[in-house]
Amino acid sequence: EHEDTALLLEGQNYGAAAADGTQCPSVSVSRTNPAKRNCLVVAVLCFGNLINFIDWFIVPGILLDIQKYFGLSDGKTGLLQTVFTLCYMLAAPIFGYLGDRYNRKIILGAGLFFWSGVTLGSSFITESHYRIFVLSRGLVGIGSASYSTIAPTIIADLFEEGKRTTVLSIFYIFIPVGSGCGYLLAAGMAKSTGDWHWAFRVTPCMGGLALLLLILLVPHRIQRKTAAHRALSISGTILEADEKPDVHRTAKTTWCQDVGSLVKNCSFVCSSLGLTAMAFVTGALGMWMPLFLYRAQVVQGIVPPCLQGSCNSSNSLIFGGITIGTGILGIIAGAEAARRLRKRNNKADPLICATSMFISALCLYIALMVAQTNILSTFIFIAFGELFLSVNWAVVTDILLVRWRCYCRLMAALFPPQLSNALQARNTPSLQWSFRSMQYSFVTCAFVGVFGGGFFLLTSFYIEEDRKEAQR
């Protein structure tokens, strides 16, 4: 059979169904090199994902400048992350529900346009309007939620299982790459222009380009590549569901029914709690680590306190580079380890996650303890801690995505990150401007990482039974 053979969407136009619930007919794939078209779509979505996570981490990259400009304590500075994550948490399940039932391209485009416009507007906010700046971060979180929710499902529907694993891994690599680029862009623009506001004026231009490419290159309707539903695994193992092409699809369900179906599964609940702990630690590191490193250097007498002018941005630049390098290496290593070990042990996924969480927590704790005496050792152990955290991203996605029926796929991918984002927003340092108070705050993250490893261990006790149930 040729690539341009007509493909069916298993009885419904997934993610772009008409409001009246009618099923879409068979649609033929374009004869003009569909493989090339799919690669272009993936490139556009990866570019958008890069912009998405750059916007996430612009604020941490220039956090010291923002604190000084608005005259903020650590507690008030943490409000930026709190509002962002709460808005993201509330918006993402809504977009997940809409993405399962309406046209995903329109939702993506609207979200991209919205958050880019708000980011640009936030660059003109003056020092007397901090509340408006906080509000702008919340609005960015809403727009960002639409993209993080829907883009991975479009990629998953474009490719057969063998190619799908590789393409999704590439897409997720742009999470640490975008995060690291956020630090580099923010610090670089603040240093070169002497004004941190310019850091918020670059990504809107990139967002405009991404929106244009989205309109021109991404199809209006995306169809699943295979007629029979197969479970999704970005580590390379194909887990086929026992669905047949002629079996009638289940009826559309409400949001509450989708969530209820997920919380009844023990492995989903335990892995969700593990991912919550993992993202708690990752979010705290991302938001506060450059500032913590700066205060450690002040304590050691390496750098003077920033009292006037543009603050030293070297820590953001170094931490951004560490995030990019360890993120790429960790995701690749995690996917490869899962691919190899799963052949020997069906519980390999949660065991890998548990092991990496325990090691990461240990490395983070050591980094915190040596920060006041040896800054080089601190950087080294932070790098190892981030590396082992990154190992989990590909693997935990497998645990959450491959087990559930298609209509719950978006919810299974999004529900744990939203819970984790709400919790990580609570990890703001005390109001005391001191290195020690922030050090003690970070110690909490090490213990949370240990609890996360414990939840992944619990997942290993239930995952085989729940996997069989999902396949039935």
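In case you wondered, yes, glycine gets a Cβ from its N, Cα and C as well.
Annotated features in TrEMBL:
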| type | residues | note |
| --- | --- | --- |
| TRANSMEM | 39-59 | transmembrane segment |
| DOMAIN | 41-467 | domain 'Major facilitator superfamily (MFS) profile' |
| TRANSMEM | 79-99 | transmembrane segment |
| TRANSMEM | 106-126 | transmembrane segment |
| TRANSMEM | 132-155 | transmembrane segment |
| TRANSMEM | 167-186 | transmembrane segment |
| TRANSMEM | 198-218 | transmembrane segment |
| TRANSMEM | 273-296 | transmembrane segment |
| TRANSMEM | 316-338 | transmembrane segment |
| TRANSMEM | 350-370 | transmembrane segment |
| TRANSMEM | 376-401 | transmembrane segment |
| TRANSMEM | 440-463 | transmembrane segment |
Stretch contact, the transmembrane segment (39-59) with the transmembrane segment (106-126), Cβ-Cβ under 8 Å, 3+ pairs: yes
Maximum Cβ pairs under 8 Å to the transmembrane segment (273-296) - stretch from the list 106-126, 132-155, 167-186, 316-338, 440-463: 440-463
Same-chain residues at least 6 beyond the ends of the transmembrane segment (167-186) whose Cβ lies under 8 Å from its Cβ atoms: 42, 45-46, 49-62, 151-152, 155-156, 158-159, 196, 199, 202-203, 232, 234, 286, 290, 313, 316-317, 319-328, 330-332, 335, 390, 393-394, 397
Whether the transmembrane segment (106-126) meets the transmembrane segment (440-463): three or more C-beta pairs under 8 angstroms: no
Positions whose Cβ lies under 8 angstroms from the transmembrane segment (316-338), at least six residues beyond its ends: 57, 60-62, 165, 169, 172-173, 175-177, 179-184, 186-188, 234-237, 286, 289-290, 293, 348-349, 352, 356, 379, 382-383, 386-395, 398
Local confidence of the domain 'Major facilitator superfamily (MFS) profile' (41-467) - pLDDT mean: 79
